[in-house]
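Peer 1: First the structure, then my questions, so here it is.
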Amino acid sequence: MASLTCSVSDLSSLLSSGATTNTSNAAAAEFLCGQLNAVSAQLSATTYAIDNTYLLFSAYLVFAMQLGFAMLCAGSVRAKNTMNIMLTNVLDAAAGGLSYYLLGFAFAYGSPSNGFIGRHFFGLKSFPSPAGDYSFFLYQWAFAIAAAGITSGSIAERTQFVAYLLYSSFLTAFVYPVVSHWFWSADGWASPTRPGKDFLFGSGAIDFAGSGVVHMVGGIAGLWGAFIEGPRLGRFDRSGRSVVLRGHSASLVVLGSFLLWFGWYGFNPGSFLIIVKSYGTTNQHGTFYGQWSAIGRTAVTTTLAGSTAALTTLFGKRLLVGHWNVIDVCNGLLGGFAAITSGCSVVEPWAAIVCGFVASWVLIGFNKLAEKLRYDDPLEAAQLHGGCGAWGLIFTGLFATKEYVAEVYSGGPADRPYGLLMGGGWRLLAAQVVQVMVVAGWVTATMGPLFYGLNKLKLLRISRDDEMAGLDLTRHGGFAYVYHDEDPSIRPDHHQFTMRKIEPTNSNFMSPANNNSNTDDDDNNNHVPSSTTINV
């Protein structure tokens, strides 16, 4: 690296060397230019380092959402299927990593390409490039496996393991990358960052962090998987009435929701990709205002939408069912996040409150519809991510502001459309509606036949006996939790204590003294207390 020092003595030696004045001045200018170029190169390298560090940190946050998904899924299923759903979450990340590396990233961002699909960077060949560094690949991979994780929740508790492997690889290698190419790549036919003025409705669809690209893709894929498989055994009675199959741990659901909330600060603000960018001195705020301010605003809108949706769900469900339900509140919270993801960077904070409020009722409405249609989704993933994701796209077409659209999507036409209710006309809303339709159509055309084919080949749903016993026992070698010591030769000692639970077998059950007088062996056996040995 060139020296960044510049002193008077350096210039004096040049100017007093006995050469002509012109020669001395030229030498001084050359020296100064060399120093300034070195400074410029150093500042440029520092900017790249800061932006890449910011993107890597955001990628780590988004990847941490996989832990959130795992905890949420584990708590939402019955205990007998815990190991199975945890393994599928690990599989989403592992299989998705290889498939996205080999094919997915190239299909999504392999520029130059056509408007439909990318065609460079297979296996990260000729990468990094001016278009992106390794941190960009890692960030996009974290998004891809998030979409796959959404789908796994919809088909939980009744799906064969081989089906998980096949759909997860196909989704991250082809289905999701094509959608992300359409709306996020500069070559995509509906992208708002296309060069020139060839935009869809003069705007392109604004899906900043993926209400459609990520959440709708995962939700609609799960919709078709759950629809083709059919509901879990016991989910609806013979008359068609809904029977709640409660998950085994509300604690895990809350833990997973908080982890997802934390990760969303990488999901939405991180989608700016860079942080060191000034918006110039012409904006109304002054030199202190730049992309770092927009990133902070995006974190605020994300927070407000999720918080509003959680509170709306809390009181809405209280009015509808008569009690406060933490599971419903967590789902409402995530529905608000899924909805604001599209427009988080281009709306005012007050508009995010509107987004979260409506998202809550969208989720409640779709859950009611699912019950009517006897559709079973253990995590409400299709309703939450698909329904609230679609609302988020429409919301952006209504509430995107002119100033923020110009900041975030600079370089486009000066008259770029913005939200209909903000005075920006109908064109952006039209582009958002198109995105809703094409995402739904594309995922239906690709994932629907895949799940249908797996079902015909008997590779999709497990047997009735396996489903009744639980996937942990029948497919994974045992339960996720040790309820008791299975070795009867081990007796409690000073390291253990025995918990006993006595349950009556009929309404006439009386005191233990009365039971002792009963000489019927069967009756006595019915009243033997069950015991569980717990290590302490």
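The backbone N, Cα and C atoms fix where each Cβ goes, glycine too.
Annotations for this protein, taken from TrEMBL, read as follows:
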{"type": "COMPBIAS", "residues": "504-513", "note": "compositional bias 'Polar residues'"}
{"type": "COMPBIAS", "residues": "527-536", "note": "compositional bias 'Polar residues'"}
{"type": "DOMAIN", "residues": "54-481", "note": "domain 'Ammonium transporter AmtB-like'"}
{"type": "REGION", "residues": "504-536", "note": "region 'Disordered'"}
{"type": "TRANSMEM", "residues": "54-77", "note": "transmembrane segment"}
{"type": "TRANSMEM", "residues": "89-111", "note": "transmembrane segment"}
{"type": "TRANSMEM", "residues": "131-150", "note": "transmembrane segment"}
{"type": "TRANSMEM", "residues": "162-184", "note": "transmembrane segment"}
{"type": "TRANSMEM", "residues": "204-228", "note": "transmembrane segment"}
{"type": "TRANSMEM", "residues": "249-267", "note": "transmembrane segment"}
{"type": "TRANSMEM", "residues": "350-370", "note": "transmembrane segment"}
{"type": "TRANSMEM", "residues": "382-400", "note": "transmembrane segment"}
{"type": "TRANSMEM", "residues": "429-454", "note": "transmembrane segment"}
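Surface or core, plus neighbours and distances: that's what I need for these features.
Peer 2: Counting only same-chain residues 6+ beyond the ends of the transmembrane segment (89-111), those with a CB under 8 A from a CB of the stretch are 63, 66, 69-70, 73, 117-124, 131-132, 136-137, 140-141, 144-145, 148-149, 152, 164-165, 168-170, 172-174, 176-178, 180-181, 184-187.
Counting residues 6+ beyond its ends, the transmembrane segment (131-150) has Cβ neighbours under 8 Å at 52, 55-56, 58-59, 62-63, 65-66, 69, 89, 92-93, 96-97, 100-101, 104-105, 108-109, 111, 124, 167-168, 171-172, 176-177, 180, 210, 213-215, 217-219, 221-222, 267, 270, 273, 381, 385 in the same chain.
Long-range Cβ contacts of the transmembrane segment (162-184) within its own chain (Cβ-Cβ under 8 Å, at least 6 residues beyond either end) map to 88, 91-92, 95-96, 98-100, 102-109, 113, 115-118, 140, 143-145, 147-148, 151-152, 155, 190-191, 193, 204-205, 207, 212-214, 217-218, 221, 225, 435, 438-439, 442-443, 446-447, 450-451, 454, 459-460.
Within its own chain, the transmembrane segment (350-370) has Cβ neighbours under 8 Å at 300-302, 304-310, 312-313, 316-317, 320, 331-332, 335-336, 338-340, 343-344, 376-377, 380, 382-384, 387-388, 391-392, 395, 399, counting only residues six or more beyond its boundaries.
Same-chain residues lying 6 or more positions outside the transmembrane segment (382-400) and placing a CB less than 8 Å from one of its CB atoms are 150, 154, 205-208, 211-212, 214-216, 218-220, 222-223, 226, 331, 334-336, 338-343, 346-348, 351, 354-355, 358-359, 362-363, 365-367, 370, 375, 418-422, 424, 428-433, 435-436, 440.
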Peer 1: Find the member of 54-77, 249-267, 429-454 that has more C-beta pairs under 8 Å to the transmembrane segment (204-228) than any other listed stretch.
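Peer 2: Answer is 429-454, with the largest number of Cβ pairs below 8 Å.
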Peer 1: If I take every residue in the domain 'Ammonium transporter AmtB-like' (54-481) and average their pLDDT values, what number comes out?
Peer 2: 93
